[in-house]
Amino acid sequence: MEQTYQYAWIIPFLPLPVPMLIGLGLLFFPTATKSLRRMWAFQSVLLLSIVMIFSINLSIQQINSSSVYQYVWSWIINNDFSLELGYLIDPLTSIMSILITTVGIMVLIYSDNYMSHDHGYLRFFAYMSFFSTSMLGLVTSSNLIQIYIFWELVGIRSYLLIGFWFTRPVAAKACQKAFVTNRVGDFGLLLGILGFYWITGSFEFRNLFQIFNNLISNNEVNFLFVTLCAVLLFAGAIAKSAQFPLHVWLPDAMEGPTPISALIHAATMVAAGIFLVARLLPLFIVIPHIMNFISLIGIITVFLGATLALAQKDIKRGLAYSTMSQLGYMMLALGMGSYRSALFHLITHAYSKALLFLGSGSVIHSMETLVGYCPKKSQNMVLMGGLTKHVPITKTSFFLGTLSLCGIPPLACFWSKDEILNDSWLYSPIFAIIAWSTAGLTAFYMCRMYLLTFEGHLNVHFQNYSGKKNTPFYSISVWGKEGSKISKKNFSLVTLLKMKTNGRASFFSNKVYKIDENVRSLIQPFLSISYFVNTKTYSYPYESDNTMLFPILILVLFTLFVGFLGIPFNQDGVDLDILSKWLTPSINLLHKNSNNSIDWYEFCKDAVFSVSISSFGIFIAFFLYKPVYSSFQNLDLINSFVKIGPKRIFFDKIKNGIYDWSYNRGYIDAFYGTFLTVGMRKLAEFAHFFDRRIIDGIPNGVGLMSFFVAEVIKSVGGGRISSYLFFYFSYLSFFLLIYYFFHF
């Protein structure tokens, strides 16, 4: 066992050769490297699989022995300063390593087909492998300096991946927005690290916690300064995990390829903030105000993310706001001191959200056969609907992921979310009411996304391809109200390419992508419908290839069974609570005397309540959306609900207010744009003016005046020495007279 721990340092470095070799290959042997590009995908999966096996081995040893292993090397040694590098293997490290590697492998396999059309295929896999290296380095770090180094590497990789299609202006703006927003949090993190080093004199976690606890117990620190440093540390987690108020970058991050969204939202970038708070929880616990602040930020994010997801048309943006809300649940649990519940929900949410994103990618991939490469069309749920019979495997997988996120048993997120909801009653009834209400909102918007995407009719076919007036049938509303107004104001259905109707796609179509031809023939940076290998043009979407469906099906298994890891089956001497063994010793401020057993009566009572709330949200979604999509024969029923009356007008005002709030992102982006972005630009323009006209103007003006004076003097002189002597004595006499009169 000791030998296994000694070689754990290779965990973050195993995926690193792939991006290095790809870079060297493209530099020195570009043609050969591109022609063998699938070999690099295989190597990426292989190396990450080795890391996964190594991580599983470490986790088994963690479960059996509950040991913590740390190894350090002295890097800088001075009289009063020393800096060590090393790695730390504990339950948190092993959990995060398995999470990163399993989700990462599924995303890499999926990406081989999803990105096969793109000429940036090799660059994509290089970024992905470097992303995995950065995140694995972050979770194995043994001190705050290493945390910060890998924290910045994670940010850089995410910046490159969000802006992967950098020639699209919207993608370039999205990665800039993510970069700038995270700079705010990262600067706070750096200041917090320096502040705690000034207090304790150490960057190492083991020394930092011990010294700080001693200082607190002896009342030898300034609590105001300590709280400020803790808030600055937490600011890094707020930005990275898209917590309010630094959440604005997350929806725009959907401009990257869909596999990137799956990895960022499931196991890497946004999970980094949760990991940081979990790692530093022993530090935060002894500062009561910071724990309250963490829980407050968490509950605000929970509710805000859910409300902003209510009216999204873009399927990926809807999932992004869902991620924001679920991360809020994790942050709330950490703020309450419920360490186990937070990590449990991190695990279950990662697999469920990866499943949903890969499922949405499969839907987008199939929709592109109809609308071409245009994210505003292929990701628009208004143009979807009726996909059940065309993509049945994707539909079933997405449905299971939806039910999991809604908290329906026995799927994964039910078990973890229920723990957080139950613990919230012990912490604060107000927070509990908000958290439980948001569970209903989660069920509503997730079910809404499912219905808009898969149920009813394929809405894109309600267009008149001849260019004549559209059909008189009702338009489909994203929000569930009369569609004509909304459709005209917020979106317009697209005019499609002419499609043949004699072709149908099989559910498992065996399409072979010719890599060499793709590399040479792709002259545009983005996917175009003409570059699909299919010789037939489909008038309906078709199911994705096996290489895309395989990771989705594996994630379905995780979604079905990973929740059982955390069920505390500790009855009658049978101890099957694997997660509690894994996390021993665990921190739980709400159940200090708990032995992790469960009162099944209380559990069932709470479960019935939570499932009832989720079921109510699902029912409302079906009530608003299902009748519209079921059949045109229900028009009389629909019309009965749209009769104008006082109650209807009042209801519409409320509904429109909620819609405007959600569709406009809570006006937070507009506020930042008006008061921060515009203000900063005006300040920059003023600084530019002051620098050029005042700072540079003074020395330039002096130089210019000297030049003109010299020119005047030069023109006066005629080259005669007698003239020079005359002017010299004249100036001397003038200055002597001035001195004489002013002196006396």
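Note: Cβ is positioned from N, Cα and C throughout, glycine not excepted.
Swiss-Prot has this to say about the protein:
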type	residues	note
TRANSMEM	9-29	transmembrane segment
TRANSMEM	89-109	transmembrane segment
TRANSMEM	147-167	transmembrane segment
TRANSMEM	219-239	transmembrane segment
TRANSMEM	290-312	transmembrane segment
TRANSMEM	327-347	transmembrane segment
TRANSMEM	354-374	transmembrane segment
TRANSMEM	396-416	transmembrane segment
TRANSMEM	425-445	transmembrane segment
TRANSMEM	549-569	transmembrane segment
TRANSMEM	608-628	transmembrane segment
TRANSMEM	724-744	transmembrane segment
### Query
Taking 219-239, 290-312, 396-416 as candidates, which has the most Cβ pairs under 8 Å with the transmembrane segment (425-445)?
290-312
### Touch test for the transmembrane segment (396-416) and the transmembrane segment (147-167), at least 3 Cβ pairs under 8 Å
no
#### Entry: Proximity verdict for the transmembrane segment (89-109) and the transmembrane segment (549-569), three or more C-beta pairs under 8 Å
yes
### Message
Under 8 angstroms for C-beta pairs, at least 3 of them, ignoring pairs fewer than 6 apart in sequence. Is the transmembrane segment (354-374) in contact with the transmembrane segment (549-569) by that rule?
### Response
yes
